[in-house]
Amino acid sequence: MSAPLRRTVEGGAGWVLPVLLLVGWEAAARLGEIPPTILPAPSDVAAALWKLTVSGDIFKHIGVSAWRALVGFAIGGAIGFALGLANGISGISRAASDTTLQMVRNIPHLALIPLVILWFGIDEEAKLFLVALGVFFPIYINTLHGIRTVDPQLIEMGRIYGMSRLELFARVILPGALPSIFVGLRYALGIMWLTLIVAETISASSGLGYMAMQAREFLLIDVVVLSILIYALLGKLADSAARLLERAFLTWHPAFQPQ
Amino acid sequence: MNIAVRDTDTVAPPAGLRFEGAPFFLPEAKSAPLPAPAAREAAAPSGAAFTFKGVRKAFGPKTVLHGLDLHVPAGQFVAVIGKSGCGKSTLLRLLTGLDAPTAGTLEIASTERRADITRVMFQEPRLLPWARVAANVAVGLSHMRDRREKHAAALSLLAQVGLSDRAGEWPAVLSGGQRQRVALARALASRPRILALDEPLGALDALTRIEMQMLLERIWLKQGFTAVLVTHDVAEAVALADRVVLIEDGAIALDVEVPLPRPRRRGSPELARLEGIILEQLLGAPA
Ligand SMILES: Nc1ncnc2c1ncn2[C@@H]1O[C@H](COP(=O)(O)OP(=O)(O)O)[C@@H](O)[C@H]1O
Ligand SMILES: [Mg+2]
């Protein structure tokens with residue numbers, strides 16, 4: 001079998017099981033094996049998607065959720081990145097803040113939800129705060145770790161060749177820390193969706209989580225399942241985007257070399 | 001050039017010499033007529049001489065070098081050998097200014113800044129994995145501003161080490177020997193007057209090693225820098241160097257000339273004899 005053909009077949013093989021599951025699910029639902037109050041048929045979910053698309057509601061909710069995710073991520077990620085850089089480079093900064101941050105890290109951020117509701121009510125700030133806090137730590141920890149583990153021999157080499165501090169940072173330290181920063185980025189993206197799902201489910205007046213909770217009240221199980229699927233899809237999308245970035249920035253990395 | 005190169009303007013013979021009986025030690029060689037460094041390559045800046053005077057280096061309570069004296073004339077190729085941990089790397093770090101001596105002085109016969117005229121090559125190539133081969137060489141060209149000029153210079157340096165066709169590659173895809181050649185090109189980029197080599201060939205296989213030795217010798221002959229090669233391979237030392245220095249107990253225990261003509265034939269009886277004598281001293285020396 002030729003290599004491209006084999007790759008196509010192997011790639012296709014991964015899809016056989018999901019397709020079978022879907023067909024089985026549809027059949028079982030149609031035959032009444034799965035009561036519609038437990039799980040709707042895939043075709044019903046598709047119909048719900050169509051209805052919400054026509055009414056435009058779905059775009060509104062996805063838009064609100066994506067906005068919260070991105071803004072929260074930008075705030076938490078930027079602070080985490082900046083502090084990670086500062087503490088990676090400066091011993092004084094590290095001594096001053098790292099212990100405190102490591103202590104705060106032990107508090108699960110979702111445990112703060114009651115407190116956050118007291119502080120912010122159920123406004124946007126509450127959700128942005130939770131997402132930012134959740135995203136902060138993986139970015140901070142991995143940026144710090146990346147910078148602290150840059151090969152000291154390379155740093156010495158940079159000094160020997162007369163690099164200024166700025167050059168040393170831009171040409172040696174930051175690129176050396178990048179693989180670790182990307183690990184943090186992908187991890188943070190996962191936390192970002194997770195936090196948002198929980199926050200929107202508990203308290204919101206718009207967004208995907210709100211849509212799901214509303215649907216639950218009216219027993220629209222197809223819409224509940226639909227919103228779960230959309231969450232999964234958005235999570236996958238964010239991860240793929242991060243992978244794409246990783247590929248673009250780490251072309252030099254042995255893991256991304258064509259064999 | 002048929003004789004080991006030694007400059008006429010040198011001062012006293014190396015201190016701590018105790019190898020009077022060696023057949024190859026020629027104290028008179030210093031007065032032999034020499035080709036001027038200019039004869040090697042017109043535009044090249046020649047090597048710089050340097051002198052360690054009573055240099056002591058301690059790390060905390062542990063003294064590594066006890067008052068080491070060593071004079072190396074301009075353009076000489078010195079090999080430094082000694083048991084692991086005896087302070088060879090420390091010597092190079094002092095020479096290149098990466099560390100400062102605890103006591104004693106180190107003089108370099110040049111008015112330029114030491115950081116500008118010394119370069120060091122390590123056992124690891126220390127290439128930036130995220131920079132292409134040409135960009136890695138350009139790290140050594142910090143004195144040039146113009147990007148295109150830099151790239152052109154990097155390409156010509158790569159040609160010198162036989163790697164012109166790999167300029168656009170990532171270091172990860174090169175072999176160990178090729179990476180060391182890139183590191184050599186980078187070290188040569190600023191035309192150093194002293195090149196310190198800390199076991200740069202130690203991790204290479206035997207054939208690649210010999211190839212690299214010949215490349216190194218060819219470039220040294222052409223550019224005339226002062227070369228200080230740390231090696232654990234006595235055969236390599238006698239094949240390449242004008243002079244072999246043995247460090248033991250923090251000082252120079254043996255200082256021997258290698259007055260054999262170049263190019264030297266590997267495996268020749270003269271080289272083998274000299275290697276034997278040095279090894280005997282190295283192994284037979286009281287611990
Ligand atoms: N920065 C340092 N701090 C403490 N000890 C050191 C340091 N650098 C070297 N040493 C010690 O000095 C001795 C000589 O080291 P080195 O010059 O690297 O030996 P080698 O001859 O193998 O190159 C070793 O015992 C080593 O442990
Ligand atoms: Mg060493």
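Note: Cβ is positioned from N, Cα and C throughout, glycine not excepted.
If you look up TrEMBL, you'll see A:62-239 marked as domain 'ABC transmembrane type-1'.
The transmembrane segment annotation in TrEMBL covers A:12-32 (among others). Long-range Cβ contacts of the transmembrane segment (A:12-32) within its own chain (Cβ-Cβ under 8 Å, at least 6 residues beyond either end) map to 39-44.
Annotation comment: TrEMBL describes A:69-92 (among others) as transmembrane segment.
Residues or ranges marked as transmembrane segment in TrEMBL: A:104-122 (among others).
According to TrEMBL, the transmembrane segment annotation covers A:128-147 (among others). Residues 68-69, 71-73, 75-77, 79-81, 83-85, 87-89, 94, 98, 101, 105, 109-110, 112-113, 116, 119-120, 173-174, 176-181, 183-185, 187-188, 191-192, 194-196, 198-199 of the same chain sit 6 or more residues outside the transmembrane segment (A:128-147) yet have a Cβ under 8 Å from a Cβ within it.
The transmembrane segment annotation in TrEMBL covers A:168-185 (among others).
Under the heading transmembrane segment, TrEMBL lists A:191-211 (among others).
Among the features that TrEMBL reports, transmembrane segment is placed at A:218-238 (among others).
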Among A:69-92, A:104-122, A:168-185, A:191-211, which stretch has the most Cβ pairs under 8 Å to the transmembrane segment (A:218-238)?
A:191-211
Determine which residues of the chain contact the transmembrane segment (A:191-211) at the Cβ level, with the cut-off under 8 Å and only residues 6 or more beyond its ends counted.
57-58, 60-62, 64-65, 68-69, 72-73, 109-110, 113, 117, 122, 126-127, 130-131, 133-135, 138, 223, 227, 230-231, 234-235, 238
For the transmembrane segment (A:104-122), sequence-distant contacts whose Cβ falls under 8 Å of one of its Cβ atoms, 6 or more beyond its ends:
129-130, 133-134, 137, 141, 195, 198-199, 202-205
